[in-house]
């Protein structure tokens, strides 16, 4: 497939011979030359790249040589385009130009020769015109034209004043206005056309077209901007404020006009001939003709926002000012990311736009957030119609509400993307007529529908259906201006003043006046009326007579004569409606029937809050005030009665006439009534009926309650009444109701209407009858009947609570009865002795008799009392056997314990809740306050508060009385039963209440709640069965389930049934042995109802296969003996506590063994921090709703895992999607094993910490197959418990059973540690690139220094035993102190390890566990009595010693691991190689992420090549023994003093040679400080200023871009010749290779991403677009210069490194690799480029080349700085030859010629760090060699950058000598005999192969030993020595004495330290 499309003509031309192509090109060049000559002067302004692209796409020619600067080049180019390219095709010599400069007209005439006779008419309109036109301009002056008189002031306009006369004199019919029409209003234009009547009028208009739909900001900011100031527009060309000018906002009306209609009906058509952004060419032609009805504008640099309307703020414009390309790219980019984020979106924006605007940044941030948090929606194929419907429907709501719905957001995003395109709009054109000139303001300041014809709409609304019959108004000319001047002025709106006055009065009465405003201010009233009139613009407030205008006063507007009349008219109604204040009324307030000012007189809270006490008191006042009084009427009737003794309790039946008297008494008023016997009865008002007196006993059909002040009992006939004391509230109540305080006995009576009772109680003993009595009626309706012994009777009644005071003289000889239609409820006060106070119920009110059911269901009779909002009653108890009591503690809180047991709360919390209740009655609050004390007994007030707070019906079964006390609130949710015996409460539950309990467990609520619902909703039969405690049949069970909408899946053992199948909530129950239990979520999978069901909670098979591939598959067969031993230990309480029979009443788990067949499980093992848990955490990211059990041996590990995956802590509600995730400990999980579902995932984490036999126990109890994973590190702490050590200690460990005889992969690389110091100290692999710090660990001595360590190290302390834990806790009480074993699986940032003498006895696994816990660093506190050196010796060979000595290797784990472990660095992957890896690595560099392809690596099957097994020649090599010191003695004298070797610059001195020993821990001192091996070579450091300046001076060359571009231009002609010379030796193929390009791109990105994520993030600043591409940063390379030539030398210049912007590298690097592949594709066999190849390939090539003669080497001086313009010309021709993109070549030219830094601009040269450095250096080296020497073709030549070596003596040639002299590149030729060891890249070349110079290797190994770094680099040194070692005697024979001695010492060091070697090279040095 072609990279770019070519037209057929292009293909044909490319097929021609070059000569033919040149002929065609000449013709095209001539055409282009002529075109450029014509247009260059108009379109040669310097433009930005964006402006170039926009203008070119708009069809505007731009000169390729655009260098002329201008303040606003874009708008100037557009103006020239309209004026010089578009306009000439529409005009001729007949046109008159108006408002144009002479210079522009002359340019136009020079371009168009037919415009020579065009004349210009200019005039002064603005002050700037005086300077705009030339000095020879003469303004016209003339007499006023008659047309001006005809138009009156119409043509007296600045634009027309000096224009009409000259044009009429010239009889101009064709006109052109230059940039002027946008200043004219539509009226001015119509007046002008009406006077001039031109045939054609052309004009240029500058007006932003987007203003037609009213955005306040420009949508083409690259071209222009504008501001709206009032009704004017400030237009800024190119956004340059200083070049802006002001014009009318309405100036664009012609863009929306179709025609113009003059007063006489003449029509002018309007057309837009050309529209380019804000510049338009408009044509106005005379005569009506066909024309379009709509006009379109666009596209703009914006996208429509209509689709996102529901998510936007109301003031957001109709378009987003962001280009379509930006939105499109960012959306597609975010959708391709696996983990999109806002940073990536902003980085992508910076990549697309170098300098984005603030509006673009804001939009991208918000848009990215919207896209990221809302998934895409299908609306085309398989549309999500429900989601779309909900989104559209909810989107109709206000945006502030709509955007909160996810469906609305998803639909909005979908609509936005589906309709995404550059914003444009279509405008409906209108006709501008002379009579409806709106000045174009209508379109701007009002919203109008483009499809509505406003005049027709108004006509239809005004005329109704007959609007169509009315002829439209036709236009006609004016007939003169006289009527306009003489016509009388009339108001447009007339209003009746009388109606206006009425309206004003109503407004005043309702809004300003109040019913209690006694005085009205005259001034206030007048100001009020004036303000109201002023606010209306439709009411005439002035009188006009001719030219005189007179202001009207307010009263004149209202039709009144004076202000007094206004005041009277406004206030005459106020006095009639005035209401007196309460303070003014006094007592009259209570007597008047009219009520006003009643706010606050209700007995309920009117405000938001009110204090309860105030509310209660106020309700009493309200009751008192609201009592009605009527005039009384007393009826006395004498009756004949026989004198006979009567008993008080004798039946007293009132005659019908007496009842009539009672009924009549309902209308009488209270008063003092006298009997015929002079007995007096005084009636009074009961202000409060809340007596607070209860009835306790039954006497002769009445409920009686006795209250005495002295607490004495009284006799009533044969019965003794027990005194209830005398509460303080009773005295208060008596005082409120005006009952005399002399009474000290109160009797509460409650009886039915059938019972007749003399309320004066003559049978009550101990009463002083002469003291009189007071009887209080507590009922609202009733009547007192008084019988006199003389035969008189009185009927005294009242409609409300009354009291009757019987005077002392009527105590004898009278009877008093109470009659009512309901229950009688009275209180009788009598005189006796003083009685003491006792707290009782103080707010009881009888509410009626009980006619309900008792416990047994039999009818019971009792009395209901309203006790503070709770109805209290009492009835006989029956059926106590239906309940079972639960024993409770008798600690004084037994009642609270009972309540707490029934409701499931803590008793103290429940007590605090209930005792905090506030009653309406103060006495109850006092009594409740006493219950708050600790150990206080519960009173009735506490029970009432509990009933109210819990909304519970409380039934107290009193064992002493055999009755049930019932307390029921008005709203109840549950029923609670208590047993009271001997002042001790116990909770009662129904016998056989398993149904209630099962339903409660299923719904997660309390039994009491379920019971209350059952009693309320179920039928009587079910309720009786429940209350009887006899159990329920299945039919009744189904009825109960129906109440809660539960589908009950019931397992009956032999069968399964479903109850209430129509319910909504399915639950499983088990019914066996007449007992029902809830199965919960742990459904038994054996149950047929769920067995085999596809429950949809299984993980995807692909995800599990990937996971299983990371571990070892094991067919595990459970051992019932091992499982049984662990089960017995747990049953006995030796192992754990949850499975104990003693502590938790558990059964032995042996009974649950059901499985003896094998189960496939997978073991995933790896070292600490290897990512084992991360595998499952990643799995859970896609496990929403899936079933998983994660088991941890430690509670801390379980909680840590919960926090990591985002699960709630214990007791919290599970998040959506996590309902089926269970994180448990090992004991809790055993209770779930038998209920696991088939196929679910079970993970046993930290498998080495489980007790022996645990895996056998789990598998033995499994009823179904599950996906079981064992995860852990067998090398860490194992299980150990002192309690079961004797029982389980003899059993084999779990790890040995599972892995003992198997070979398995063990991941040895750890990702936990971020400190380089841990490398070599821990037995694992640590990637150095992952480490971000390099800090040594801290070592402290003695316990007292524990307090001195840094705070971060004090947070966690690890100890080896529990005894040490106590010691550390005493010193650091705030620290988290853990034993080594307890810390297993946990990770900390910093911490401390405490070492004591006991620590020595800790096994290796626990030591490994402790040392691996800390990511950053750790501190040791040594309290063992030994120093650290002694400690290392004492622990020799152990993990602790290897940590201190830095000698740990992964092989140390072999002794701790069971079976045969195969160490691997990574877990294997099955499918999707590298998926998401790139994106994760680039998380810290969002800018680079936009430059890198994020696709995954292709799956390529690697072909296995057969390995050739050859018998290598081997024999022993005898090396002469030579000590290291004797080797050193041969050259030590060559080391000069430091002061002679360093370089001085001013007062600065270089620092390249060391003279001190290193302070690195573990370093070895091989020599004295001044003669260290490191001193042999210079060391360059980035901090060495002198070394850096030396590098700048030697290796960099500076120039300026202009000079370098000129040099390159002159050198470009040599490029093709150089390339042809190169192609003679290396015949490159020019065709494009797609595979090479893909591989090159992939290889570059892989190399770029091979660094760690931390390193990439640290260099993210290089990716930001704020770093200019043509600016680089210069560094000096930090390195030890270990070339052989650098031994014993003085200081040398550093190697400079240039740091480029990442965009530059990503631009060029893939193509450089592509060129390299093209070179390697055709490279001859005898040429070798050492790039991307190993030493084995070099060795094999050298053997083929037979380097056995005189060889040629080239040594270049300043090679990089010598890569001048001639070499670059060769590079450019090479890129063109390989058909690389031309824009890439231009970018390469730009970078090479324009690159600069803080030091200045560079000349053309090569830089280290440039993408093409090595490749082009090598190619330049090859080209120079081909031109410098006579190459025959059979030479073997190897190249690598600036290094070259040929196998023969190459003869120089003079053929290109003249050209080579021009090059900066110079070479020193060396001819080396093979015995003198020719060198290439530091390797000696010989016929037998390659080998490294031994002195270099030895000295570098000694330097590593001095730095304690040998373990990190010995592999590399061993590889270098191995080539000479394998050559044996062949290499020794070519070495001199010094080299042999060095070679021996190299081999000796390697053999002694071969245990540090990690690679296979170790085998070379092992003895066969």
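Just so it is clear, glycine is given a Cβ too, placed from its N, Cα and C backbone atoms.
If you look up Swiss-Prot, you'll see 994, 1075 marked as active site, on the strength of similarity to another entry. The ATP binding site feature in Swiss-Prot is assigned to 1166, 1167, 1168, 1169, 1170, 1171, 1172, 1173. Feature annotation from Swiss-Prot assigns domain 'Alphavirus-like MT' to 63-254; the stated evidence is sequence analysis. According to Swiss-Prot, the domain 'OTU' annotation covers 883-991. What Swiss-Prot lists as domain 'Peptidase C23' is 990-1080. Here Swiss-Prot flags 1134-1316 as domain '(+)RNA virus helicase ATP-binding'. Taken from Swiss-Prot, the feature domain '(+)RNA virus helicase C-terminal' covers 1317-1454. As annotated by Swiss-Prot, domain 'RdRp catalytic' applies to 1749-1856.
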Additional residues surrounding ATP, by Cβ distance to the 1166, 1167, 1168, 1169, 1170, 1171, 1172, 1173 centre under 8 Å: 1174, 1273, 1307, 1310, 1311, 1312
Neighbour-count leader, CB within 10 A, recorded positions: 1075, 1172: 1172
Integer Cα-Cα distance in angstrom, residue 1173 (ATP binding site) to residue 1075 (active site): 44
DSSP-derived structure type at residue 1171 (ATP binding site), helix or strand or else coil: coil
Those residues of the chain, 6+ apart, with a Cβ under 8 Å from that of residue 1171 (ATP binding site): 1307, 1311, 1467
All-chain count of other Cβ atoms within 10 Å of residue 1170 (ATP binding site): 25
Tally of residues which DSSP labels helix, strand or coil - the domain 'OTU' (883-991): 39 helix, 32 strand, 38 coil
Mapped DSSP class for residue 1166 (ATP binding site), helix or strand or coil: strand
Neighbour tally for residue 1169 (ATP binding site), based on other Cβ positions within 10 Å of its Cβ: 22
Mean of the pLDDT scores, which run from 0 to 100, over the domain '(+)RNA virus helicase ATP-binding' (1134-1316): 83
Cβ contacts of residue 994 (active site) (under 8 Å, same chain, 6 or more positions away): 1031, 1075, 1076, 1077
Mapped DSSP class for residue 1075 (active site), helix or strand or coil: strand
For residue 1166 (ATP binding site), the number of other Cβ atoms found within 10 Å of its own Cβ: 27
Nonlocal residues around residue 1167 (ATP binding site), in sequence order (Cβ under 8 Å, 6 or more apart): 1273, 1275, 1306, 1307, 1308, 1309, 1310, 1323, 1324, 1412, 1453
Local Cβ density at residue 1168 (ATP binding site) - other Cβ atoms counted within 10 Å: 23
Neighbour tally for residue 1173 (ATP binding site), based on other Cβ positions within 10 Å of its Cβ: 24
